[in-house]
Amino acid sequence: MERIRPYRKTFLADLETPVTAYLKLAEKAPVSFLLESVERGRQSRFSIVGVGARRTFRLKDGVFTVNGERVETRDPLRALYERVYAPLERHPDLPPFFGGVVGYAAYDLVRYYERLPSLKPDDLGLPDLLFVEPEVVAVFDHLKNLLHLVAPGRDPEEAEARLFWAERRLKGPLPGVPGERAGGRARFQADFSREAYLEAVRRALDYIRAGDIFQVVLSLRLSSPLTVHPFALYRALRSVNPSPYMGYLDLGEVVLVSASPESLLRSDGRRVVTRPIAGTRPRGKDEEEDKRLAEELLRDEKEVAEHVMLLDLSRNDIGRVAAFGTVRVLEPLHVEHYSHVMHLVSTVEGILAEGKTPLDALASVLPMGTVSGAPKIRAMEIIEELEPHRRGPYGGSFGYLAYDGAMDMALTLRTFVVAKGWMHVQAGAGIVADSVPEREYEECWNKARALLKAVEMAEAGL
């Protein structure tokens, strides 16, 4: 098979930002995305903008389609991989992703791989899998202050035409900045009343005492009519809560606006890596308080025990698809600092077994134990019983799969799901044996606060 080549043009990036490039390229585009990253207070080397959809891969109600045409399959992730994978000519100046597909896999995608009860309504009605193959990608190299316009393909004339179009858009004027208000102030309503959530926690504690599970994550969804443009939410969120996985994915029927703190799964095509995060403290006022809080976190038996449980779950998930003897735990139980909090983090890696792909690993890991519980299958059965609706995108993953199998998928947390004129925010609390129901309810609201603050900022005008 002939390799896909990165046809590209390179410019100085001193007159553009990822936001301005996105606004220029995405104007009137049916689908578009912006992926950025801020880790440990610093912007990562690359930001990526993509527009257009050469192909759209969609899964809903057991029907997998490519550009609207049905494809028969029992394994939608394998079907996606087989249609995306192609030999790729890499370039040393470009990041792991400059062509392939970008999108999300919902929490409920697990139903295609595990038998779970179907007790609750799917009120959002969104796809379980939705990925697009962009026509043009703009890569910002913040280290070298360069902007690469890339049109991946095999036909140089066709790729050059796409580059010409994108260059004209970039050199044109900045269009109107999305920020218009739909009117009114957001009024978020929870899908659980306070008492109903407390009762769900009490029932979860009964399951824990009976020995069914060690932990289950019960989430609360907050919903409001949309009052601002989704991109205004993104601009506010990147200011309020800069995170390792910033994402704005306008996929047509749904928009994801994310400031996720957590990687679900990364791969270079052969090696797979997951990084469970469990255990949290706020950042200190200064370096000395930071150090004290980190030491306190490492001494907290409850936090450490919960982390070790989820670390074991991640190790088992990777072990299902890795070659024998290749699963390793790197840097177990170390403290990482983020903009507002610090977390206990471990790294688990393995080498894919013969015949396994990165998307087989995604099927094994999804959903992560940090959003479901342990043991995972029984915890998900209890979630289906106790939560009022299907979760949809929340608790799943979003990110990219490059043509050659390189992949980076984040956990869909701290994310607005915008669809059908509504915006939804969902947050969960891990219920364990000594949980206090009232505190778990407050934890859900506390986790949602950064997103609610972003709504207020966007409504006030940026």
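Just so you know, glycine gets a Cβ as well, placed from its N, Cα and C.
Predicted, not measured: the structure shown is a model, and the values here were computed from it.
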Chorismate site partner of Gly279, Thr280, Arg414, Gly428, Ala429, Gly430 (as recorded in Swiss-Prot), chosen from Tyr234, Tyr248, Tyr394: Tyr394
Distance from Glu443 (Mg(2+) binding site) back to Met246 (L-tryptophan binding site), taken between C-alpha atoms, in Å: 22
When distances run from the Cα of Ser37 (L-tryptophan binding site) to each of the binding-site residues Gly279, Thr280, Arg414, Gly428, Gly430, the nearest one: Arg414
Inter-residue C-alpha distance, Thr280 (chorismate binding site) and Pro244 (L-tryptophan binding site) (nearest angstrom): 16
Greatest C-beta neighbour count within 10 angstroms, which of the binding-site residues Glu306, Glu443: Glu306
For Tyr394 (chorismate binding site), nearby residues of its own chain (Cβ under 8 Å, 6 or more apart in sequence): Tyr107, Ser219, Arg221, Val371, Thr412, Leu413, Thr415, Val417, His424, Gln426
Inter-residue C-alpha distance, Gly430 (chorismate binding site) and Glu306 (Mg(2+) binding site) (nearest angstrom): 9
